[in-house]
Amino acid sequence: MSRYPEAFLHRMQEMLGRDYEAFAASLEQPSVQGLRVNTLKTTSESFLKKTPFRLEPVPWVRDGYTFYAPDRPGKHPYHAAGVYYIQEPSAMSVAEVLNPQPGERVLDLCAAPGGKSTHLAALLGGRGLLVSNEPHPARAKILSENIERFGVRNAMVTNEMPDKLSARFPAFFDRILVDAPCSGEGMFRKDPDACDEWSPEHVTMCAVRQADILDHAALMLRPGGTMVYSTCTFSPDENEGTMEKFLARHPEFELIDIHTAEHFAPGFGEFAKTARLWPHKLSGEGHYVAHLRKTDDANGGQASDEHGGARKKSGKGKGRDGRGSSSAKVPLDAVKTYREFAGETLTVVPEGEFLLFGEQLYLPPAGLPDLQGLKVVRPGWHLGTVKKNRLEPSHHLALGLHPDEVRHTVDLAADDPQVLQYLRGDTLSVDSHKGWIVLTVDGFPLGWGKLSGGQLKNHYPKGLRWV
Ligand SMILES: C[S@@+](CC[C@H](N)C(=O)[O-])C[C@H]1O[C@@H](n2cnc3c(N)ncnc32)[C@H](O)[C@@H]1O
């Protein structure tokens, strides 16, 4: 008996006709695995010279590669250093289609665990603003950790429902990604548990929720801005059906071409401009992608300034520690403490309009909107914890730094046993400058250590330690 729901297989048979046999055979194949190089930290060219893995380029994305068993890049120290993100090849198509440009304001509305957000961040190249949102609190935390590991400096992570954000950010974003919660049919072979949740009723419920999410996304896009709607399911109700109803409700939107469309099959019927990624036609899982544009004269129903609704930052909100203390004015002492630390430890002192939540000091991205009343998990680049007269640097600071920006580093080769000891939280014996140093693996920052008397006190975060 098949491990896939009968009703699902029956629907697929009806949908695919002659192609069904090839599709059904693909369900019995292992899922395709991939990694996407973090171009905030390196280039693909340089990574390919160092990588110990056998990799094949994914044709529809820059910097994406397929890897094969027995390689396990998720277990390599490069993963802890944020050198790449493990993401299956079809999922890599999505941010590539949205194609944000450095300096833009980008929203990823359904962002956890962060595959597409880290991709969007890489494409922004550290310039502009990325708001990565996830309503589920535990998933928002994972998203935030991935933003940290990837060393993204210009992202804010929120934990909100779309209506809360759309009330706050009318016509604000240049690009929006709605990678919608869906019935997940395209992930069945990768994640057999996804089958257990599947039912025809679940498909219908997902379509209703997708409509609601899209309506709020539509409000937040500036006129002339672009949006990608994507799912990892096959059901037309959640794909072409969701698009059809959305376009009927929103005549200010139109479907536009997908620049990588040659690699994919077209969507059904009148939705040939959208793309279907079939596991029996390419090397990847099942996905659907639609690219939309909001017309220039659409006013979005809301007032907006010259950049589509920018708001002045008040710097208030809830910190990642949930204390939500006000940070309208960062005490000068805190900034002084940070600058002293940075002056001693770094070659370049990151500056900007700081935010302080409790003891946590952040550097928010430029153009960060009003945070008042929003659940913010990470309001920008986390610099550290301000103690009485000292700054304890954050893991995010280390991961967001280029090794040249740090005065003292200890570099270890990936196969040096001390790397594993460090990731396990052990104290290391090293010969280097006394004080704070960044431990790097083949030149990629892994985390902080504090050296005294030849012993490196381990500051790799307890929650991330390898067991
Ligand atoms: C397909 S997953 C996103 C995957 C993510 N984009 C990535 O690449 O890692 C959809 C996400 O939407 C979240 N979600 C569920 N309901 C939502 C809603 N009403 N609004 C926004 N996101 C929602 C889910 O918790 C889930 O994390």
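From the backbone N, Cα and C atoms, a Cβ is placed for every residue, glycine too.
TrEMBL lists CYS232 with the feature active site, nucleophile. In this structure, CYS232 (active site, nucleophile) belongs to neither helix nor strand by DSSP; it is coil.
Residues or ranges marked as S-adenosyl-L-methionine binding site in TrEMBL: CYS110, ALA111, ALA112, PRO113, GLY114, GLY115, LYS116, GLU134, ASP179. Shown in sequence order, TYR85, SER132, ILE142, LEU143, ASN146, ILE147, PHE150 are the residues of the chain, 6+ apart in sequence, with a C-beta less than 8 angstroms from the C-beta of GLY114 (S-adenosyl-L-methionine binding site).
The domain 'SAM-dependent MTase RsmB/NOP-type' annotation in TrEMBL covers 23-295.
The annotation region 'Disordered' is assigned in TrEMBL to 296-329.
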Just the number: how many Å between the Cα atoms of LYS116 (S-adenosyl-L-methionine binding site) and CYS232 (active site, nucleophile)?
13
With a radius of 8 angstroms around the mean position of the C-beta atoms of CYS110, ALA111, ALA112, PRO113, GLY114, GLY115, LYS116, GLU134, ASP179, what other residues of the same chain does the S-adenosyl-L-methionine site pick up?
ASP108, SER117, SER132, ARG139, LEU143
Which residues does ALA112 (S-adenosyl-L-methionine binding site) neighbour through Cβ under 8 Å, counting only same-chain ones at least six apart?
GLU134, HIS136, ARG139, ALA140, ILE142, LEU143
Would you kindly give the Cα-Cα distance separating CYS110 (S-adenosyl-L-methionine binding site) and CYS232 (active site, nucleophile), rounded to the nearest Å?
13
Around LYS116 (S-adenosyl-L-methionine binding site), how many other C-beta atoms are within 10 angstroms of its C-beta?
25
